[in-house]
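K.L.:
Below is the structure I would like to discuss, written out as structure tokens.
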């Protein structure tokens, strides 16, 4: 009986995938591609093996939906520790383990090194997971710079026979930078998913910005994603100073980007707190529901705010003024929505950089009969006296910005504050469908997590999270006033393309007088 040849690591790859000539060809592509070096390999894995992996995952893996400020996705845990599973569990994921070991094999790491010129890669640090993007899932702009990451990769396991069309969404989108650490508003290169396709790029501080386009169809965009790391302690090529150097580089780059950030907030003085005069009430009644202007009404609001640190006022604007605004906003919604920053025209501007926020905005100076949103209201001395009466806080300065969050595009990522603030939002989003939180567009306040290894803005995961302080869906004619303590996270969740309209609002921050 003849000897049976044992399969090798190379047998787990597609024919000729690791040939020297292929590495040379891919290296030329990698170094030519922009906006930063990247390359696509297809096919990479033995087709039968990868089909078995997909079948294993569909049948044996539990996916948990996780929602944060930056993403919505179905995830597995870290798959590096497959070796630690019991024998039954290992057997249920034996093909996945074969692919994991193939990706981190000496043969493939050497192939990646030849393509990228990145130098040695860690054999011991396996860092990967399986993600499924269902309809509505997305990942916002970021650069992947964490720890010792060197190469970021994604291996697609979308349906192998039907194919994945670009109009399904889910593309990996790459962003150029206006300067290091400052990505442009718009992506310049898009890589749609394909079966058995590996896309990878070098993780470079200040440059490797990318996102994942929302998935628009009821088809699972399944992928194995992960990173190759620089050598770890004890491995050839280990550099003990790498992480410190990366942090230093990032801090230096971040300090240089502030001048480009938009909008730029200018704070304006606030009048001294005083009771409302009849003239004040007459002025405000042109805008605000009279129920919120009576002495008794103001006293009730003030008591509620003192107790809860938040009030939410429905039908805030009077009916006549609200109807006028509604017509303006619906007329604007019926016009083609400018999606690329080059299509945005005065008086609107695009908020950047997109790894912090993206939306259209009107700044403090933009007001008048041709401006859709009532930017003049909070500038009125009468309104400033009213908000101080309601909040019970003497205020010294404020800024405001009118915003439009477009479906399929806009969001703010979680920010924290160094001092306590008073925040007011007048939400003017038309239609009842915009209030469906499955489509995002809600404003959220959360307790920040002090553990740097925890994703602070996770608010939907394995268990019901009690870190949410306040969640406000987009709505029509609703005014919210929030006392935001130091360290509280706040963001507006990405607006899905499924939303029936934009989120429109006027957001303002008010600085209390120091005690």
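Note: Cβ is positioned from N, Cα and C throughout, glycine not excepted.
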K.L.:
From the candidates 62, 207, 210, 229, give the one listed by Swiss-Prot for the same Fe cation site as 142, 144.
P.N.:
210
K.L.:
In sequence order, which residues at least six apart in the same chain have a CB under 8 Å from the CB of residue 210 (Fe cation binding site)?
P.N.:
141, 142, 143, 144, 172, 173, 174, 175, 187, 201
K.L.:
Return the residue, from the listed binding-site residues 142, 221, with the maximum count of other C-beta atoms within 10 angstroms of its C-beta.
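P.N.:
Counting every other Cβ within 10 Å of each candidate, the maximum falls on 221.
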K.L.:
Quick one: give me the count of other CB atoms within 10 A of the CB of residue 156 (2-oxoglutarate binding site).
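P.N.:
Result for residue 156 (2-oxoglutarate binding site): 25 neighbouring Cβ atoms inside 10 Å.
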K.L.:
Need the DSSP three-state call for residue 144 (Fe cation binding site) to compare against my parser.
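P.N.:
DSSP call for residue 144 (Fe cation binding site): coil, neither helix nor strand.
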K.L.:
Tally every other Cβ atom lying within 10 Å of the Cβ atom of residue 144 (Fe cation binding site).
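P.N.:
Cβ-Cβ neighbours of residue 144 (Fe cation binding site) within 10 Å number 16.
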K.L.:
Averaged across the domain 'Fe2OG dioxygenase' (119-230), what pLDDT does the model get? Just tell me the whole number, please.
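P.N.:
Computed over the domain 'Fe2OG dioxygenase' (119-230), the mean pLDDT is 97 on the 0 to 100 scale.
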K.L.:
Can you tell me whether DSSP puts residue 221 (2-oxoglutarate binding site) in helix, strand or coil?
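P.N.:
Looking at the DSSP assignment, residue 221 (2-oxoglutarate binding site) belongs to a strand.
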